[in-house]
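S.K.: A single structure is presented below for examination.
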Amino acid sequence: MANIVNFPIIDMEKLNNYNGVERSLVLDQIKDACHNWGFFQVVNHSLSHELMDKVERMTKEHYKKFREQKFKDMVQTKGLVSAESQVNDIDWESTFYLRHRPTSNISEVPDLDDQYRKLMKEFAAQIERLSEQLLDLLCENLGLEKAYLKNAFYGANGPTFGTKVSNYPPCPKPDLIKGLRAHTDAGGIILLFQDDKVSGLQLLKDGHWVDVPPMKHSIVVNLGDQLEVITNGKYKSVMHRVIAQTDGNRMSIASFYNPGSDAVIYPAPTLVEKEEEKCRAYPKFVFEDYMNLYLKLKFQEKEPRFEAMKAMETTGPIPTA
């Protein structure tokens, strides 16, 4: 059972308090969450409850209509229902991906009706705006100029932005199969709209797995590996996983605001200068090179990935535009 602790909850509405006191307190809460958790949950954000309710309803309807039977067929074919030992090479999840930037694939994804496509485009646009707002709040806390992180993510065609739509159906053997194995996220900032009734998401904090509590109309935010690099380790990406449940079908809609594939990622010079050693603790690399490595090593510790990128850097320096 996961440790029960006070998970950080950020009230975005208080950022609009122009006397500055509440705003300063909220910025401190975000800073503490980034330093000590790598995760936080935002409420009273810019997405309407009406939009979120509609996205949840249509996503669950879509799963029942188009994906549920395919998932049942898959687990039978893979022999997961009859597994007798730990399963380490597959996850108990049904997923599809929507790409928004640099180009959208929503019109090409099969089995989406027009109303759902239109809805997910609207949802993605609002999540993208919230992602950029949060990145600017991180800049403010770090002493970076506004839009520094957004600009750092921009390649020739802007950032990479997409959404992973997942369902985690009831699992007969949650002790043997994970909903999603432990990993850190490769990219920038991740915004998750998760089920408010069925739990399962956990993060690793101080050596213990901690539940991320379901909360209606909230958005869970976590930091990816690229923010760890750009902040020179001030903020860390954190291992997290999904525990399969025997009851309930958990919905998860995770949107990833990542660097463009050709974006060059490296620690922000002003943050390096603030360090006592004035030392760059992370390498400089092209995001696509990191992703190619990550796809092979996703469910392993992140440190060897950073070391591998350091080795690549020494063999060929990357010019900075």
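Cβ from N, Cα, C; glycine included.
So Swiss-Prot lists the following for this protein:
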- HIS183, ASP185, HIS240: Fe cation binding site (BINDING)
- 159-259: domain 'Fe2OG dioxygenase' (DOMAIN)
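A description of the local structural setting of each listed feature is requested, covering burial, neighbours and distances.
M.R.: DSSP gives ASP185 (Fe cation binding site) a coil state; it is part of no helix or strand.
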S.K.: So what sits near HIS240 (Fe cation binding site) in its own chain, CB-to-CB under 8 Å and at least six residues off in sequence?
M.R.: PHE39, ALA182, HIS183, THR184, LEU201, GLN202, LEU203, LEU204, VAL212, ASN222
S.K.: I'd like the number of other C-beta atoms within 10 A of the C-beta of HIS183 (Fe cation binding site), please.
M.R.: 17
S.K.: Just to confirm: which same-chain residues, 6+ apart in sequence, have a Cβ under 8 Å from the Cβ of ASP185 (Fe cation binding site)?
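M.R.: Correct list: ASN222, LEU223, GLY224, ASP225, SER237, PHE256.
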S.K.: Take the mean position of the Cβ atoms of HIS183, ASP185, HIS240, the recorded Fe cation site. Which other residues of that chain put their Cβ within 8 Å of it?
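M.R.: So the additional residues around the site are ALA182, THR184, ASN222, SER237, VAL238, MET239, ARG241.
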